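What TrEMBL records for this protein:
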type     : residues : note
DOMAIN   : 21-469   : domain 'Major facilitator superfamily (MFS) profile'
TRANSMEM : 102-121  : transmembrane segment
TRANSMEM : 126-149  : transmembrane segment
TRANSMEM : 155-172  : transmembrane segment
TRANSMEM : 184-205  : transmembrane segment
TRANSMEM : 211-233  : transmembrane segment
TRANSMEM : 299-321  : transmembrane segment
TRANSMEM : 327-349  : transmembrane segment
TRANSMEM : 356-376  : transmembrane segment
TRANSMEM : 388-408  : transmembrane segment
TRANSMEM : 444-464  : transmembrane segment
């Protein structure tokens with residue numbers, strides 16, 4: 001048997017050790033979700049009211065043209081950075097700068113740091129280092145003195161968290177047999193959903209407190225988690241084999257295997273890693289990713305689709321304040337939809353064809369977003385319903401895209417390729433804060449553009465091959481050879 005086939009035989013059965021590892025590795029996604037969307041509350045534009053009862057001040061007045069003594073915030077001034085630092089009359093660029101900085105940092109980090117997960121650090125070390133830096137910078141953000149320090153720290157937090165979800169997913173899937181790989185991979189999505197769902201609960205509980213409290217409450221528990229659980233999580237045996245660290249890989253396989261020792265020893269005796277898979281230089285593999293036509297076509301298509309998904313997925317969540325609906329309830333409704341979307345992914349990902357399902361979700365999400373604009377203001381119930389439908393489909397598309405990308409590329413570049421697709425999602429989110437800020441005056445410039453982008457990007461799935469039920473490859477040559485025999 002080949003190395004891949006031997007590993008499949010050893011870890012094919014899902015045991016208690018693999019279950020505990022899956023839980024530990026998926027929890028970082030919980031903290032990642034909190035940091036990704038904390039700006040919904042920390043950067044919110046508070047509501048205000050008039051202090052006088054004459055015609056000089058009314059709810060439709062331009063707050064920037066009113067005397068400061070004629071109006072007041074509904075919440076304490078430390079409720080958000082807008083009221084805390086007097087940014088109510090600042091430009092859209094300034095008010096959207098912190099959120100955009102976070103996603104720009106995430107984008108840059110994905111392109112520049114992703115290779116560390118394939119090279120020197122590995123899946124586990126890169127996951128925990130990224131998560132720890134993300135949460136430490138979030139803690140420091142609570143002590144920001146102005147918009148520029150705040151935006152810089154948000155950038156650093158985004159830079160470090162760029163590969164948290166990617167490493168979590170890959171570490172999950174590389175230690176599971178192909179029979180349950182897709183289902184176990186969705187535990188990271190569930191953790192992400194719970195993290196997002198917890199955010200409005202924390203914000204509502206502390207709605208009279210400073211925005212700084214949000215950063216403290218979401219960062220301190222995460223810091224303790226990353227420090228304590230680091231010693232209990234195993235590295236990916238596939239990655240260790242790729243690095244020539246056979247003894248470490250075999251030791252981990254023995255810990256997570258759910259078969260009799262006699263059978264396990266029989267399988268391990270057939271592993272001759274150095275004869276099958278030479279140690280791969282990740283920089284050479286990354287060059288191959290762009291030099292080989294099949295790989296270039298796949299990664300570009302995945303990134304274009306990811307861009308469209310990112311525009312809608314993050315845009316819907318960050319833009320709920322534009323729909324004149326409760327900022328707490330709207331986030332709860334959206335976050336709650338992640339649970340059924342992840343359940344659908346969990347139970348049906350093994351049955352769904354990757355191409356057709358991804359295209360369908362992108363199309364429906366885009367259409368709902370466009371109709372949301374056409375309905376117009378005054379019908380908040382219909383608008384929030386369409387927004388929820390669009391977000392629901394975009395979250396399904398996001399789940400399928402990540403699993404699809406993992407299956408499209410071999411072990412040698414899987415972390416880098418998946419990170420590129422993930423950062424394309426982040427690239428889409430970079431434009432959302434500005435579009436949302438502009439969209440407060442014209443909704444088409446937010447939700448309309450979201451929908452059109454999703455529709456157009458979804459068509460790129462046509463160029464990708466179907467991967468459902470296919471075994472994972474380890475090297476670029478092996479992947480190319482396998483694809484050529486299937487043509």
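Placement of Cβ uses the backbone N, Cα and C atoms for every residue, glycine included.
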Cβ pairs under 8 Å between the transmembrane segment (388-408) and the transmembrane segment (327-349), at least three: yes
Take the C-beta pairs under 8 A between the transmembrane segment (184-205) and each of 126-149, 327-349, 356-376. Which stretch has the highest count? 327-349
Residues of the same chain, at least six outside the transmembrane segment (356-376), with any C-beta under 8 angstroms of its C-beta? 305, 308-309, 312, 316, 382-383, 386-387, 389-394, 396-397, 400-401, 404, 443-444, 447-448, 450-455, 457-459, 461-462
Considering only the recorded stretches 102-121, 126-149, 211-233, 327-349, state which has the highest number of Cβ pairs under 8 Å to the transmembrane segment (155-172). 102-121
